[in-house]
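Engineer: I have a structure I would like to understand better, so I am pasting it below and will then ask my questions one at a time.
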Amino acid sequence: MRHTPIDQQRAWCALAEHAAGMGRRHLRNLFAEQPGRFETFGRRAAGLTLDLSKQRWSETTLELLLDLAREAGVPEAIRGLMAGERVNRSEDRPALHTALRLPPEASLVVDGEDLVPGVHATLERMATMVERFHAGQWRGATGRAIRDVVNLGVGGSDLGPLMVTHALADYRPEGIHRVDVHFASTMDGSQLADYLTRLNPETTLFVLSSKSFTTIDTLSNARTARDWLKARLMDGHPEGVDTDLIMRQHFIGVSASPEKMADWGIAPDHQLEFWEWVGGRYSLWGAIGLPIALVVGMDRFRELLAGAHAMDRHFSEAPLADNLPVLLALAGIWNVNFLDIRAHSILPYDGRLEYFAAYLEQLEMESNGKSVTHEGHQVDYSTCPVLWGQLGPNAQHAFYQLLHQGTQAVECDFIAPRVRYDDVEDPATRDHLMAQHRLTLANCFAQSRVLMLGDDAIEDEGPRPEYKHYRGNQPSSTLLLDRLTPATLGALIALYEHKVFVQATIWDINPFDQWGVELGKKIAGETQRILEHHRGLDGMDDSTRGLIEAVWRAEAEGET
Ligand code: F6P
């Protein structure tokens with residue numbers, strides 16, 4: 001079916017008209033008038049339960065939103081994404097992160113080539129490497145087994161592996177040679193400097209993770225690490241250690257550019273390659289996921305992929321009205337474009353998901369923080385909201401005040417596992433921890449309820465000063481994982497990836513490029529040259545000139 005802008009315009013106008021009335025409704029009234037909202041707006045797939053009943057919408061709203069999704073071509077876009085069409089139009093390539101989690105028996109032919117064998121060949125190479133580490137057979141230049149691995153990467157080459165290794169730390173296999181994984185991303189070197197004071201160079205290996213292998217943040221950390229290894233291993237050993245051996249035994253490279261890895265000195269058989277058609281922030285499913293596999297083992301890593309694949313299938317096959325990513329996306333569209341709610345908070349109620357919000361900040365805002373359509377026109381509607389988050393229980397003691405009584409409308413996503421700690425061996429500790437988990441869930445459910453109902457969440461306590469009132473009416477979604485496992489985590493991440501894609505389709509923007517970050521990189525390079533060489537300030541704006549001169553003065557004072 002062909003979709004015309006007129007049809008989309010009609011669907012959009014119908015929603016705007018509907019919003020004029022709905023926008024004035026309070027969630028407490030929607031709940032009072034419509035029993036069974038949990039049934040009506042709840043859906044399940046791939047070990048996840050999604051409750052959308054606390055969105056400020058009705059069944060009519062959802063019908064109109066589904067109509068908009070159809071008119072915007074969401075079903076066709078999903079098919080195109082999965083089939084390997086060149087959906088990343090500004091870079092003229094497909095976005096095939098879903099191919100990274102296809103099972104080995106699948107086949108996906110793009111431009112005449114079946115991608116699945118290559119994907120599984122890389123997984124096999126990863127498996128071989130992981131096995132060597134876990135057998136204590138990956139040895140440093142002095143012959144000692146590696147026991148610390150530091151991932152040097154930033155953005156998509158850091159946040160995904162960091163988030164997942166933290167979330168799945170309980171799944172570390174037993175009976176293996178233990179390897180601890182650390183992450184250093186910041187270009188200022190502060191994270192790396194800390195590791196360099198604590199780790200033993202003889203037993204430390206660095207994974208250089210960079211799709212482009214040109215990112216200055218990662219390469220500057222890599223240079224520091226290389227020189228640290230050389231200085232410590234060559235000087236510290238009277239018999240001396242060969243530089244080539246250091247480069248070979250202490251570095252693995254993960255990139256889409258084998259040439260650049262080789263130029264840097266990564267040994268060919270210690271390079272893991274991935275493809276240009278995998279976007280950086282969508283890349284944890286393949287070689288960039290090596291740190292994850294080092295922590296949880298390859299079997300669990302494959303379970304993560306299987307969970308994501310289960311969500312991919314659901315996304316491809318479920319009707320729009322039952323499709324979790326589509327529904328989550330539509331809730332966002334409704335809030336941003338029709339209720340004018342442009343802030344979105346991610347609130348996991350499980351300490352293992354500590355880095356989930358940071359991960360989603362990149363996934364959502366780098367993907368959909370755009371204002372130009374595929375055809376190159378400026379949009380005249382809002383796109384990605386400002387998204388931020390924190391562990392829910394900690395956020396309760398930090399920014400929930402604003403959610404409850406501030407002036408901003410904020411959409412919230414609450415995320416928690418239904419069950420936790422029931423497998424703890426010691427019965428007394430198990431009881432305590434399970435009680436703590438119930439306490440956490442109670443807080444999660446209570447917060448979303450107060451945000452929804454405001455004062456009505458409690459019995460009328462008689463007259464109160466104004467500052468003790470809660471207005472409520474803040475919309476939220478709640479996502480319950482059956483339990484936090486590699487598979488449900490995979491499904492959860494894939495859910496958000498696809499949500500982002502559906503929203504981008506409706507907003508007619510490209511979620512797979514990131515041109516907005518390029519200019520900053522270029523200007524930073526020029527500024528660095530000025531700072532270093534003490535010349536080139538002509539034509540510089542007054543603020544930047546003042547800041548640079550302040551640094552030069554401080555450096556000069558330090559020298560005297
Ligand atoms: O600067 C943004 C960005 O390009 C992200 O999209 C990417 O995840 C990150 O930098 C790191 O890039 P690379 O993996 O090429 O080092």
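Using the three backbone atoms N, Cα and C, a Cβ is placed for every residue, glycine included.
Per TrEMBL, active site, proton donor is recorded for Glu366. Taken from TrEMBL, the feature active site covers His397, Lys521.
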Engineer: Distance check, please: Cα of Glu366 (active site, proton donor) against Cα of His397 (active site), rounded to an integer number of angstrom.
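Structural biologist: Here the two Cα atoms are 28 Å apart.
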Engineer: If you count other C-beta atoms within 10 angstroms, which of the active-site residues His397, Lys521 is the most crowded?
Structural biologist: Lys521
Engineer: In Å, rounded, how far does the Cα of His397 (active site) sit from the Cα of Lys521 (active site)?
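Structural biologist: Cα to Cα, His397 (active site) and Lys521 (active site) are separated by 36 Å.
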Engineer: Taking DSSP as the reference, which of helix, strand or coil describes His397 (active site)?
Structural biologist: coil
Engineer: What's the number of neighbouring CB atoms sitting within 10 A of the CB on Glu366 (active site, proton donor)?
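Structural biologist: Glu366 (active site, proton donor): 22 neighbouring Cβ atoms within 10 Å.
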Engineer: So, in DSSP terms, is Lys521 (active site) helix, strand, or coil?
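Structural biologist: The residue in question, Lys521 (active site), is helix (DSSP, three-state).
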